[in-house]
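As written in TrEMBL, here are the features:
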DOMAIN    115-222  domain 'PROP1-like PPR'
REPEAT    137-171  repeat 'PPR'
REPEAT    172-206  repeat 'PPR'
REPEAT    207-241  repeat 'PPR'
Amino acid sequence: MLALRKLSTLKSSRFLSSFAIQNPICSSSTIPDVPSCTNYDERINKAGREGDFTTVHHLLNKRARDGFFNTNNTFKFISTNNVSILDDLLEIIARLDNGFPRKSSYDCLIARLSKMHCISEAMRVAKAMVSKGHEANNVTFHPIVNALTKKEEFEEAWQVVAVMKSCGISPDLTTYNFLLTGYCFAGNVASAAGVLAKIEEEELGADTRTYDALVLGACRAGKLDAALGVVRRMLDDGVPPLYCTHAHIIGAFLKYNYYEQAVEFVRSYAGRDAKLDAENFGILATRLITRSKLEEAKKLVKEMSERRLVMGPRLKDFYELYVRSDGLR
C-alpha cells in the first residue's frame, strides 16, 4: 500500500513538472513571486516582443486580478515599426475578462498609439470598442484628442469629437479643455472663444485646466491684467490654480521685462503653500539668473532661505556663492 502511494505521488509529481514545463504561462519566470506594475510591464513587453500573445493575454488578466493597473509602459513593445501586430492585440484584448481588465487594456493601448501619433490606429481601436460594446467612453478618446491638439491639428481633433457624438458619447469638459488649451497656446483667440461658448452651452462648468488655458491664452496675447483677473476669479470660485498657471504669469512678466511685477506677483501668493512658494520663487530666481539679473536673484534666493523653502542644486550653489558668502564677509 505504501509503495502504491509512493508511486502515485511520483507520477503526480512528474505530471505536474511536465505540465509546468510545457505551459510557460504557469512558469515562475512569467509570473513574479512578488508582483508589481513594473514586474508585469517587463513581462508583458518581453512576451509582446517575442510575439507570444497568449502570455500577454494571461498577464493582462492576472495583473488586474492582482490589483495592478496598466501603465504608460504596458504596451511599450509596440512601435511604429510593428503596428501590424494590432490585429493580434485586438483579438486578445477582446477576450480579456469583462469590465476593468478589458476596458483598461483598450484605453492603455489607445494611449500608447496616440503618444506615437498613430491616430488612425488609435481610432481603429476606439471604434472596435464601440462596435463590440466594450465600454468606450470619453476617457477612451481623451489621448487621441490630446495628441491632435498638441500638434495643432484642430480639424482632425474636431473630427474625433464628431465620431464620439456619433457613437453616443457626449464630449466632456476634459475633451473641450484639450481643444481650449491648444487654441490658447496657438494664440487663436477666436477659436478659443468658440470652445468656451460650447462649454457654457453644454453647462459643463469649469475646472483648473479650463482656467489654466485661459491664463495661458491671456499671457501669450500679452494681456497680463486679464491673466491676473482670471487667477483672482479662480480663487473667488474656490478653484486652486495649478503650479503651471503661476508659471505662465511669471514667464509673461519676464517676457516683457516686468521684473518688479514678477517679484510682486510671487510674493503676493507666498505663505499659503510651501511647495507652491518653492516652485514660484525657484522659477523666478532661476530665470533671473539666466537673464543676468543677479542682484534681483540674490534677494529672492535670500528670501527663499529665510522662508526655509526647498532649493534645487543650481539655486543652492548660487546661494552659497553669492548670498551666504556675502553675509560672511
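Quick reminder: no glycine exception, Cβ is built from N, Cα and C everywhere.
Nobody curates TrEMBL annotations by hand; they come from automatic prediction.
Helix, strand and coil residue tallies for the repeat 'PPR' (207-241), in that order: 26 helix, 0 strand, 9 coil [DSSP]. Summarised by DSSP class, the composition of the repeat 'PPR' (137-171) is 26 helix, 0 strand, 9 coil. Note on the repeat 'PPR' (137-171): mean pLDDT across this stretch is 97.
With DSSP classes pooled into helix, strand and coil, the tally for the repeat 'PPR' (172-206) is 27 helix, 0 strand, 8 coil.
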